[in-house]
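Enquirer: My structure is below; once you've seen it, I'll send some questions.
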Number of protein chains: 2
Amino acid sequence: MTAVETAIERLSLTNSHLNQTSLPATNLKKNPSVLSITALQDPYKVCVIGSGNWGTTIAKVVAENTNNYPQLFQSKVDMWVFQEQIDGRNLTDIINTQHENVKYLPNIKLPENLVANPSLLDAVNDADILVFNIPHQFLPRIVQQLKGNIKKTARAISCLKGFEVGKNGVQLLSDYITDQLDIQCGALSGANLAPEVALEHWSETTVAYNLPFDYRGEGKDVDHKVLKALFHRPYFHVSVIDDVAGVSIAGALKNVVALGCGFVEGLGWGNNASAAIQRVGLGEIIKFGQMFFPESKVETYYKESAGVADLITTCSGGRNVRVAKMMAETGESAEYCEKNLLNGQSAQGIITCKEVYEWLSTCDKLDEYPLFTAVYRIVYEGLPMKNLPDMIEELEYFNFV
Amino acid sequence: MTAVETAIERLSLTNSHLNQTSLPATNLKKNPSVLSITALQDPYKVCVIGSGNWGTTIAKVVAENTNNYPQLFQSKVDMWVFQEQIDGRNLTDIINTQHENVKYLPNIKLPENLVANPSLLDAVNDADILVFNIPHQFLPRIVQQLKGNIKKTARAISCLKGFEVGKNGVQLLSDYITDQLDIQCGALSGANLAPEVALEHWSETTVAYNLPFDYRGEGKDVDHKVLKALFHRPYFHVSVIDDVAGVSIAGALKNVVALGCGFVEGLGWGNNASAAIQRVGLGEIIKFGQMFFPESKVETYYKESAGVADLITTCSGGRNVRVAKMMAETGESAEYCEKNLLNGQSAQGIITCKEVYEWLSTCDKLDEYPLFTAVYRIVYEGLPMKNLPDMIEELEYFNFV
């Protein structure tokens with residue numbers, strides 16, 4: 001057996017219960033819910049823009065579903081791949097013959113209907129649904145190339161984490177895509193460490209999408225049911241909601257909270273302290289949402305996978321925690337720790353905490369976000385992180401009368 | 001240096017920033033809040049009932065504060081100790097001479113004003129504030145002995161986790177204490193793994209207390225400010241709220257959720273799955289509170305340390321996670337794993353999930369709590385835990401029209 005075959009064998013054993021089509025005898029539910037959905041005359045063509053670790057994983061999920069539901073989707077999914085040479089071969093050729101992204105998602109078998117395409121414009125040509133899954137910093141350039149080259153009726157989902165913070169305010173990346181390309185765009189985010197999703201270990205996610213003003217009606221346009229069918233897998237449970245802002249804000253700010261968790265972990269303060277940071281962080285995320293995106297719902301933050309669950313997963317490990325922990329243990333700068341640990345990649349929280357700090361400073365709201373402020377000052381101004389408890393809660397003094 | 005001296009030395013080094021009385025120069029807050037509080041003519045006498053790991057830790061916290069605030073409290077705190085012999089000496093004598101609970105909290109220096117008392121009735125005699133911190137199963141017997149032997153004007157705080165579930169419903173332990181002893185009783189709960197609090201590593205907690213109908217007025221009775229002064233330490237940040245039910249429910253049900261996390265951890269499903277279980281668990285905790293204690297507040301569950309933070313800490317480790325993980329890894333029963341891992345102690349979630357299941361079954365509400373139900377059925381009916389995802393979310397089927 002090849003390594004890939006071994007991986008498939010192992011996966012199918014581990015997850016056999018998830019792939020069965022009939023209801024398991026032990027299922028507690030007597031009545032699984034049935035979604036009625038209108039079959040399409042012209043099934044949607046789907047394109048995934050991006051092919052990194054998370055991009056390829058989402059493309060796998062999507063291609064499994066387009067193959068499952070010919071009533072809704074054309075089976076073939078184009079995945080735009082930034083062309084690279086691997087041992088003298090095009091990465092796209094390897095993906096299209098071996099059905100494996102050997103560079104960014106090795107040892108995971110990809111569906112044969114997922115086709116790697118090195119041409120961005122060819123990949124998006126005729127696509128009805130665009131799934132964006134590229135590093136944040138590439139978005140402006142990609143969007144520039146797409147202008148005028150996509151279907152006017154296309155809809156989009158952004159899997160990018162975060163938002164743009166500028167002097168004029170906070171802009172959701174989905175809104176940026178809508179503004180630039182004039183197509184409706186939602187967001188997908190959740191407690192989704194990519195390698196675990198790729199291995200088909202059970203997880204949950206949240207898709208947020210608002211029907212646009214020019215919604216063409218059921219059976220003629222993308223809606224919540226179509227998105228459920230596109231992303232839901234037995235191992236990847238999808239909840240579809242309206243709150244694009246809430247999903248995006250939680251996805252961006254969790255990385256700042258994760259830095260705080262890394263600090264207390266590196267100081268050796270243990271689980272109580274890390275849980276306290278997450279509690280305070282959740283509160284500041286909710287407040288940020290309420291203050292700057294009043295249309296976002298408090299419930300999204302504590303009920304959805306994109307909210308509290310993603311916060312918990314992110315704070316239990318990952319780049320931001322590792323960088324902050326090393327800062328605490330060595331006393332070195334964020335820059336030094338990033339370089340040493342991440343091999344040229346960045347910890348998103350380092351960038352986001354600066355953007356958030358500058359924005360809150362512009363609004364004169366720093367006092368209301370003591371954790372976000374403290375994380376910024378530790379990272380950029382060298383404040384001692386052992387003062388975190390005092391920085392995030394006012395000390396109370398008793399005045400006896 | 002003795003071991004204790006070494007421990008003190010280490011603690012004072014580690015936590016020197018927490019023990020300073022002046023405001024640190026790096027504190028972000030320009031105006032620390034000042035609580036005005038009425039000094040008492042007859043300062044309150046405080047008694048801690050219980051001296052296990054958590055009991056002794058809370059007694060340490062309390063005694064540090066009674067010593068700090070002579071305007072409110074008598075310095076001496078009685079801690080009732082179930083008498084035991086250690087190397088031929090009374091445990092109480094060891095505590096009162098070495099100022100260390102060598103059996104249940106070794107290597108932690110206790111304040112000299114904390115006095116171990118082997119007589120329950122002598123310890124509570126004249127006490128104005130009773131802090132209960134004993135194993136749940138001893139409560140009825142202790143309460144029986146206290147009847148008629150405590151001050152009629154006394155107030156109480158329960159640090160016990162959980163509630164009583166019987167055929168007639170769910171009763172908070174604080175309400176049980178109030179019913180049996182005719183004294184107002186609140187609750188203390190939070191993300192408080194005892195060893196970390198004992199080491200003075202920073203953590204947070206929640207104290208919940210309702211002013212009783214016979215509240216005697218400020219300066220004459222226990223209120224939120226008095227409780228803040230009694231429990232708040234620089235390393236133990238206290239939030240005082242009204243919602244006794246919310247604090248108690250979250251404290252009990254988190255252990256059931258932790259079993260679910262142990263299952264998915266033992267199955268090797270990773271962080272996404274554990275975060276998903278916590279998200280679903282938080283939702284069921286909130287629903288349980290809303291359904292059976294409508295006076296409890298949703299906010300308590302996602303904003304307070306006793307809510308989401310305690311859930312996170314508990315699901316990141318501890319007895320329930322360990323027992324469930326071993327069940328997943330070995331296929332052995334809960335009973336077998338408890339015996340092997342816990343040395344005669346019990347994982348509270350095993351008991352609580354049964355109580356909750358029976359109560360929900362009586363109410364015909366099992367369908368609304370799929371995670372709690374699934375955990376019970378895995379533990380008591382041997383359902384395969386790999387079916388958890390299907391058990392906690394309905395599979396959705398598309399019907400194309």
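Glycine too: its Cβ is placed from the backbone N, Cα and C atoms.
TrEMBL: automatically predicted annotations, no manual curation.
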Enquirer: If I go by TrEMBL, which of A:R319, A:R322, A:R377 binds NAD(+) at the same site as A:G50, A:S51, A:G52, A:N53, A:W54, A:G55, A:F82, A:F138, A:A194, A:Q348?
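Expert: According to TrEMBL, the candidate sharing the NAD(+) site with A:G50, A:S51, A:G52, A:N53, A:W54, A:G55, A:F82, A:F138, A:A194, A:Q348 is A:R319.
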Enquirer: Quick one: pull the CA-CA distance for A:A194 (NAD(+) binding site) versus A:K254 (active site, proton acceptor), whole Å only.
Expert: 16
Enquirer: Could you tell me which three-state DSSP class A:F82 (NAD(+) binding site) falls into?
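Expert: DSSP call for A:F82 (NAD(+) binding site): coil, neither helix nor strand.
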Enquirer: Which one is it, among the recorded positions A:W54, A:F82, A:K254, A:Q348, that lies nearest to A:R319 (substrate binding site) by Cα separation?
Expert: A:Q348
Enquirer: Is A:K161 (substrate binding site) helix, strand or coil when read with DSSP?
Expert: coil
Enquirer: Sorted by position, what residues of the same chain at least six away from A:G52 (NAD(+) binding site) have a C-beta under 8 A from it?
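Expert: Counting only residues 6 or more apart in sequence, the Cβ neighbours of A:G52 (NAD(+) binding site) under 8 Å are A:Y104, A:N133, A:I134, A:P135.
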Enquirer: Fewest neighbouring Cβ atoms within 10 Å: which of the binding-site residues A:N320, A:Q348?
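Expert: Result for the binding-site residues A:N320, A:Q348: minimum number of other Cβ atoms within 10 Å at A:Q348.
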Enquirer: When you rank A:K161, A:K254, A:N320 by Cα distance to A:F82 (NAD(+) binding site), which of the recorded positions ends up on top as the closest?
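Expert: Nearest in space to A:F82 (NAD(+) binding site), counting only the recorded positions, is A:K161.
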Enquirer: Nearest to A:Q348 (NAD(+) binding site) by Cα, among A:K161, A:K254, A:N320 (recorded positions)?
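Expert: If we rank A:K161, A:K254, A:N320 by Cα distance to A:Q348 (NAD(+) binding site), first place goes to A:N320.
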Enquirer: Using DSSP, tally how many residues of the domain 'Glycerol-3-phosphate dehydrogenase NAD-dependent C-terminal' (A:243-388) sit in helix, strand and coil.
Expert: 118 helix, 0 strand, 28 coil
Enquirer: By a 10 A CB contact count over all chains shown, which of the recorded positions listed here is most packed: A:K161, A:K254, A:R319?
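Expert: Comparing the recorded positions A:K161, A:K254, A:R319, the most crowded Cβ belongs to A:K254.
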